[in-house]
Amino acid sequence: MAGFTVSSLWRRDREQNGQANGATVSTVGTEDEKHSHVQQQRSTSENSDLGPNEPDYLQQPKVGELPPGEAEAGGMGRHLGLFSTTFLIIGRIIGTGIFSTPSSITKGVGSVGAAMMLWLLGLGIAFAGLFIWLELGCMIPRSGGEKVYLEAAYRRPKLFATTVFAFQIVLLGFTASGCVIAVEYIYKAADKLASEWEKRGVAILIITFICSLHAFIPNFGLRFMNAIGIIKVLVLLFIVITGFVVLGGGTHIQNPRASFQNSFAGTSSSGYQWSNSLFKVLNSFAGYTNAAYVLNEVRNPVRTLKIAGPLGLGICGTFYLLANVAYFSAATPSEVAKSGTTVAALFMNKVFGHQGQQAISVLIALSAFGNVMTVTFAQARVNQELAKEGVLPWPKFWASNWPFGSPSAGLFLHWIPSFIVIVAIPFGDAYNFILDLEGYPGSVINFFVVVGFFWLRYKNPEVLRPFRCWWPVAAFYMAAQIFQMVAPFLRPPGGKGDTSLPYWLSSVVGIAVLVTGAMWWATWRKVLPAVGRYDLVPERERLDDGTNVVVYKKVKRG
């Protein structure tokens with residue numbers, strides 16, 4: 001048990017003939033142990049919830065120390081269907097971006113035509129990324145997202161990629177910004193001013209309520225999350241329909257098509273403005289990978305993922321493009337550019353007056369709240385998967401599903417950095433800096449996921465892939481990630497970015513976070529064992545709730 005692994009993939013035809021010529025097996029362990037291990041994996045595969053056309057466990061790359069079947073044990077089981085999985089994606093993508101960022105994007109690129117081109121480009125990049133995650137997720141239908149794909153591609157040094165990813169996702173995976181944005185719109189809807197600490201207090205209540213809901217009433221939390229997702233779609237549908245009514249001359253708006261005449265007039269020639277605007281567009285589409293984090297809980301995960309991914313992103317992308325058309329039908333490009341973070345409120349005020357503006361503020365606050373719910377739901381599962389692999393301190397605590405089958409400890413681990421950011425970071429430039437900091441390490445991680453995608457294609461061409469991404473699409477997405485890593489270092493006009501802080505600082509700090517994760521791995525895996533003269537030996541333990549966890553024991557060297 002301790003040393004045996006099935007480390008390569010078994011071809012279907014060879015397996016049917018009782019052969020295993022394509023597999024390599026470690027020499028550690030007796031023949032009985034090896035036979036028992038393979039039989040256990042076969043049994044797990046046969047009794048799994050995977051469909052008949054989905055890859056069984058013997059046809060997946062090795063991921064981590066937990067074998068398939070054991071990795072999925074515990075928790076709430078496979079309770080997410082197509083509807084919930086689709087709205088897990090929709091709820092993550094639709095936050096506040098589509099209601100606010102069209103203003104800064106229009107201001108950056110200078111024209112309606114250029115702004116619409118960026119939204120189309122951003123949607124194309126998002127679909128390219130989705131197709132990569134679909135291939136990887138269908139090939140290895142396990143919770144964890146990037147954690148799983150990095151482990152499959154980067155086996156050496158052991159746990160290096162996992163540890164760096166864990167350091168980044170735990171420290172920077174907070175939802176403090178979504179909570180603060182929700183609070184801002186709540187007070188805007190109420191036409192009230194509040195002190196900074198009042199806003200912090202409400203933001204803390206929001207994140208605490210959401211984590212408690214997912215921990216103690218998980219089934220109700222899921223239904224509530226789906227309901228908010230439906231409301232988000234209906235809000236965007238209302239904006240789109242209203243936009244068509246405006247374009248058709250059904251309101252008091254004069255000359256509603258004026259913004260689309262000579263639509264490229266005033267287009268900016270600044271490379272920084274274009275790159276910064278595209279960065280914001282891509283951030284608005286973030287979330288299409290959300291289902292990949294929870295695949296252990298998805299029924300028929302491969303089939304569901306192949307439908308829910310394109311459906312969720314397609315719905316959001318269509319509404320995003322049409323919502324922009326609606327905004328420009330009621331307001332001029334200049335008005336949209338000057339509206340700041342309230343472009344949707346400007347639209348509603350133009351068409352329906354002040355009451356419409358207040359109503360949309362309430363709905364945007366609800367959208368931000370729902371976005372925090374979906375991020376928290378998925379983030380807790382990622383935290384739990386990292387703990388189950390033993391890369392977090394006290395792994396048995398963080399991996400626990402006690403007491404209601406939900407990853408309550410993973411939710412608490414998500415709550416901690418969110419609470420710290422809400423309380424400790426002052427609003428203004430420092431807070432905007434934190435928002436910028438969240439994105440850069442994610443682009444680096446995504447880049448290495450794509451590199452790993454190509455490596456797995458080369459290393460394991462025989463693996464069953466229920467979904468295949470066309471390689472030029474993957475190359476296009478890789479180029480986009482390189483752009484996102486380089487663009488923040490382009491000098492803006494006058495050398496000044498969005499805040500008073502140096503424009504490159506957030507990216508440098510983001511790189512420092514990843515480097516610190518690498519240093520933590522070196523300390524944990526190399527330096528301390530060398531100083532203490534011990535080896536870290538993985539052992540699998542089963543918790544009372546059925547969850548399997550890898551615990552690294554210190555064994556003194558002889």
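Just so you know, glycine gets a Cβ as well, placed from its N, Cα and C.
TrEMBL lists 1-72 with the feature region 'Disordered'.
Under the heading compositional bias 'Polar residues', TrEMBL lists 17-29 (among others).
Residues annotated as compositional bias 'Polar residues' in TrEMBL: 38-50 (among others).
The feature transmembrane segment is assigned by TrEMBL to 80-100 (among others).
For the transmembrane segment (112-138), the residues of the chain that approach it from at least six positions outside its boundaries are 54-55, 102, 105-106, 145, 148-149, 152, 259-260, 263-264, 267-268, 274, 277-278, 281-282, 284-285, 288-289, 291-292, 295, 301-302, 305-306, 309-310, 313, 317, 320-321, 324-325, 328, 333, 446, 449-450, 453, 456, 465-470, 473-474, 476-477, 480, judged by C-beta separation under 8 angstroms. Taken from TrEMBL, the feature transmembrane segment applies to 112-138 (among others).
Positions annotated as transmembrane segment by TrEMBL: 159-183 (among others).
For 203-222 (among others), the entry in TrEMBL reads transmembrane segment.
Residues or ranges marked as transmembrane segment by TrEMBL: 234-254 (among others). Below 8 angstroms of C-beta separation, residues 94, 98, 319-320, 322-323, 325-327, 329-330, 344, 347, 350-351, 360, 363, 367 of the same chain, each at least six residues beyond the ends of the transmembrane segment (234-254), sit close to that stretch.
Feature annotation from TrEMBL assigns transmembrane segment to 274-295 (among others).
Per TrEMBL, transmembrane segment is recorded for 307-330 (among others).
Annotation comment: TrEMBL describes 358-378 (among others) as transmembrane segment. When Cβ-Cβ distances below 8 Å are used as the criterion, the transmembrane segment (358-378) is approached by residues 88, 91-92, 94-96, 99, 175, 178-179, 181-183, 185-186, 188-189, 191, 206-207, 210-211, 213-214, 221-222, 224-225, 228-229, 231-232, 235, 287, 290, 293-294, 344-345, 347-348, 352, 411, 414 of the same chain, each at least six residues removed from its ends.
The feature transmembrane segment is assigned by TrEMBL to 411-434 (among others).
Feature annotation from TrEMBL assigns transmembrane segment to 440-458 (among others).
What TrEMBL lists as transmembrane segment is 470-490 (among others).
Residues or ranges marked as transmembrane segment in TrEMBL: 502-523 (among others).
Touching of the transmembrane segment (470-490) and the transmembrane segment (502-523) is concluded from the presence of at least three CB pairs under 8 A, sequence neighbours closer than 6 excluded. Looking at 80-100, 203-222, 411-434, the range that has the most CB pairs within less than 8 A of the transmembrane segment (307-330) turns out to be 80-100. Contact between the transmembrane segment (80-100) and the transmembrane segment (274-295) holds: at least three of their C-beta pairs are under 8 Å, each pair 6 or more apart in sequence. Counting C-beta pairs under 8 angstroms (sequence separation of 6 or more), the transmembrane segment (203-222) fails to reach the transmembrane segment (502-523), with fewer than 3 such pairs.
With a cut-off of 8 Å between Cβ atoms, the residues of this chain six or more beyond the transmembrane segment (159-183) that come close are 64, 95-96, 146-147, 150-151, 153, 199, 202-204, 206-207, 365, 368-369, 371-372, 375-376, 379, 382-383, 386, 389, 391-392, 413-414, 417-422, 425, 427, 431, 434-435, 437-438, 441-442, 445, 448, 510, 513-514, 516-518, 520-521, 524-525.
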